[in-house]
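A.B. asks: One structure, pasted below without further comment.
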């Protein structure tokens, strides 16, 4: 039998999406622009990193060639490896959204072929009847925010008023989300999660993809910071995913990080919580040790998106990529004959782009493991090819939406 390890570098797009213009993202290229800025010295930060972007391990697995296939050019300032050892390619997204659930579900073989509900960008974001029902059911005196906002900005702006009044901070973005920020000690973490569960039920008729609990600590705008107790309350995928199919065939799915939340805990055998990319890698390595024949370990490395992409932080994103790349040899050392590792992303979030939202981009596909022969798999029609390749590797029947590249 075989094992598979699927690592999603959240938001690590490689540009070139053929439909990017329809999303206002023509020219967006997360990898390409980070490399360009680093090569020009704009990715330097004292005490963090300096110089051109350096990803030697992913480059040897085909990342440079992926970038050229996706966007038409090699990333600036990054040397070409003498030899490529991985299976490498890039994929288009066929789901209509450029959000986290759409990307992950499509990776798992289930594209999202419907439109999510979204909130208006002008005026109040949420209908009065929704707010009234939520405040009544959630036993709060009102809400703050009621707008599109950056999470860190709105906490800094409204956090002190939230502490004084007990009103949760509710906001949204260009994604199909309803986000609730509350101070852990003053409002209470359990109360926040209960409030979000209530919101999940009330928002189902609006077809909103996720309710996100955003707890924070601190007493003033200068000291507020988010904690690792974030929770996502997602709707169920529209049809069985790779995860469900694996469970149906007696396999186990080890969900590391926020994977369990993204799939509404459907198709999951074991949830492993960790906060931050370093801890997520540690947890993934432990899950590799625990995985049995036929199992899947599925990890989302969220820091790229949450801490650096949305915040448009080029040096931070570059440093996080370099730190991830430096730990790949630890993954290699864990592998046994029959193992397969796949690195990919769920969308882009170009830290040089206007605004703070995701960007529509192609994503990288890197696959490697003992006995895996290096080759290009070109540009794939859909992320679903990733899930179908894992299905084939693990010996379960193919699904309807993708084609294996193995």
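Just so you know, the numbers here start at 1 and follow the chain as drawn.
Here the Cβ of each residue, glycine as well, is placed from N, Cα and C on the backbone.
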A.B. asks: Where Swiss-Prot shows 305, 310 binding Mn(2+) 2, which of 252, 254, 358 is named for the same site?
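C.D. replies: Answer, per Swiss-Prot (Mn(2+) 2 site with 305, 310), from 252, 254, 358: 358.
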A.B. asks: Measuring Cα to Cα, how many Å separate residue 10 (Mn(2+) 1 binding site) from residue 305 (Mn(2+) 2 binding site)?
C.D. replies: 6
A.B. asks: Between residue 347 (Mn(2+) 1 binding site) and residue 358 (Mn(2+) 2 binding site), what is the CA-CA distance rounded to a whole number of Å?
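C.D. replies: Cα-Cα, rounded: 7 Å.
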A.B. asks: Which one, from the binding-site residues 310, 347, 358, has the smallest tally of other C-beta atoms lying within 10 Å of its C-beta?
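C.D. replies: Each of the binding-site residues 310, 347, 358 was scored by Cβ atoms within 10 Å; lowest is 310.
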A.B. asks: Enumerate the residues of the same chain, 10, 346, 347 excluded, that satisfy the criterion Cβ within 8 A of the mean position of the Cβ atoms of the recorded Mn(2+) 1 site; list them in sequence order.
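C.D. replies: Counting only non-site residues, the set is 8, 9, 11, 12, 13, 100, 103, 104, 305, 345, 348, 349, 358, 363.
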A.B. asks: C-alpha of residue 358 (Mn(2+) 2 binding site) to C-alpha of residue 346 (Mn(2+) 1 binding site): distance in Å?
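C.D. replies: Just about 10 Å between their Cα atoms.
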A.B. asks: In sequence order, which residues at least six apart in the same chain have a CB under 8 Å from the CB of residue 305 (Mn(2+) 2 binding site)?
C.D. replies: 10, 11, 100, 349, 358
